[in-house]
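Peer 1: Features from Swiss-Prot:
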- Cys47, His69, Glu70, Cys163: Zn(2+) 1 binding site (BINDING)
- Ser49, Thr167, 188-193, 211-216, Thr251, Gly275, 298-300: NADP(+) binding site (BINDING)
- Cys100, Cys103, Cys106, Cys114: Zn(2+) 2 binding site (BINDING)
Amino acid sequence: MGSLDVEKSAIGWAARDPSGLLSPYTYTLRNTGPEDVQVKVLYCGLCHSDLHQVKNDLGMSNYPLVPGHEVVGKVVEVGADVSKFKVGDTVGVGLLVGSCRNCGPCKREIEQYCNKKIWNCNDVYTDGKPTQGGFANSMVVDQNFVVKIPEGMAPEQAAPLLCAGITVYSPFNHFGFNQSGFRGGILGLGGVGHMGVKIAKAMGHHVTVISSSNKKRQEALEHLGADDYLVSSDTDKMQEAADSLDYIIDTVPVGHPLELYLSLLKIDGKLILIGVINTPLQFISPMVMLGRKSITGSFIGSMKETEEMLDFCKEKGVTSQIEIVKMDYINTAMERLEKNDVSYRFVVDVAGSKLDQ
């Protein structure tokens, strides 16, 4: 099994300050504990929240900071009490690497809502050391926060599912939209939004993409399989679509008015916020009162849901649309992501970047 009691060094790319620029960084991994697995990172997706983290947009970043929470790799070492994985398994690691295990959410297997959850980067682990993410050649993770990638699923395709995929799957599951026959809207067609379209279609929904421009109309309808496309500034079309949707998954990660989209919902419809926004959102109360509509939110998903989501995507043939880059391109990728210049998810080929050479 290797030397479990020896700390190992890892090489990643870290931000040092709110400029958000990443550069090579060597740091120490904790020793592989009894319930830990050491993972050699193969691929890691780039999420918009990584931008928030490295640029300290939320005012909580601690540097040096290695981002990356859509991690797929190979198990290279297991602790003595590990029962879920063996050396050689292809596995995934998402946004969480720990929780208290004792609170109400943990006992209900929705540990993403634990008040003592531990983020996979920009947090402090139980040993007092900072956690670092997947833009690195190796990680050590508690087996309870690792999932097995289904056999036959390409690792680079699996990476975005560990955040973008589960972030849309979980609200479908929780709010009862995991059956066919619903009419839904996906607001925003970025990395998360494109997974929303694909998963909703795989569940048998009629899907309308809502965007601020016509730029992605052809892509949405012809390649992603959406049924309709609405431009939010087209007043006539928006009025025609009023009261037509059971739900809207709002993926937009910047401030925007809500009333325009509330008008699209049927009675008892739900506007589900999943974009991380650091400015207040506003609406007038009659917009929800007069249709018994709800504005709610959802945050990633549980480990159990993540396993279900991976199996669902494998069964239905749901894949992510990605652009694979090497680590030395990461700063350019961050700039492009900030400008929405990606179709639809950057995935870093970490192993192919040969960080240790």
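The backbone N, Cα and C atoms fix where each Cβ goes, and this holds for glycine too.
Just tell me what is around each of these and how deep it sits.
Peer 2: Under the DSSP three-state reduction, His69 (Zn(2+) 1 binding site) is assigned to coil, being neither helix nor strand. Here the Cβ of His69 (Zn(2+) 1 binding site) has 27 other Cβ atoms within 10 Å, regardless of which shown protein chain they belong to.
The Cβ neighbour count for Gly275 (NADP(+) binding site), using a 10 Å radius and every protein chain shown, is 21. Annotation note: Gly275 (NADP(+) binding site) sits in a coil segment as assigned by DSSP.
According to DSSP, Cys103 (Zn(2+) 2 binding site) sits in a coil region rather than a helix or strand.
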Peer 1: Would you list the other residues of this chain near Zn(2+) 2 - those whose C-beta lies within 8 angstroms of the C-beta centroid of Cys100, Cys103, Cys106, Cys114 - in sequence order?
Peer 2: Ser99, Arg101, Asn102, Gly104, Pro105, Lys107, Glu111, Asn115, Lys116, Lys117
Peer 1: Write out the long-range same-chain contacts of Cys47 (Zn(2+) 1 binding site), meaning residues 6 or more apart in sequence whose Cβ is under 8 Å from its Cβ.
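Peer 2: His69, Glu70, Cys163, Ala164, Gly191 - these are the non-local Cβ neighbours of Cys47 (Zn(2+) 1 binding site), listed in sequence order.
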Peer 1: When the number of other CB atoms within 10 A of each residue's CB is tallied over all shown chains, which of the binding-site residues Ser49, Ser212 has the maximum?
Peer 2: Ser49
Peer 1: By a 10 A CB contact count over all chains shown, which of the binding-site residues listed here is most packed: Cys114, Leu189?
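Peer 2: Result of the Cβ crowding comparison: Leu189.
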Peer 1: Can you give me the residues near the recorded Zn(2+) 1 site, meaning same chain, not Cys47, His69, Glu70, Cys163 themselves, Cβ no more than 8 Å from the center of the site's Cβ atoms?
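Peer 2: Output for this site, in sequence order: Cys44, Gly45, Leu46, Ser49, Asp50, Gly68, Val71, Gly94, Leu95, Ala159, Pro160, Leu162, Ala164.
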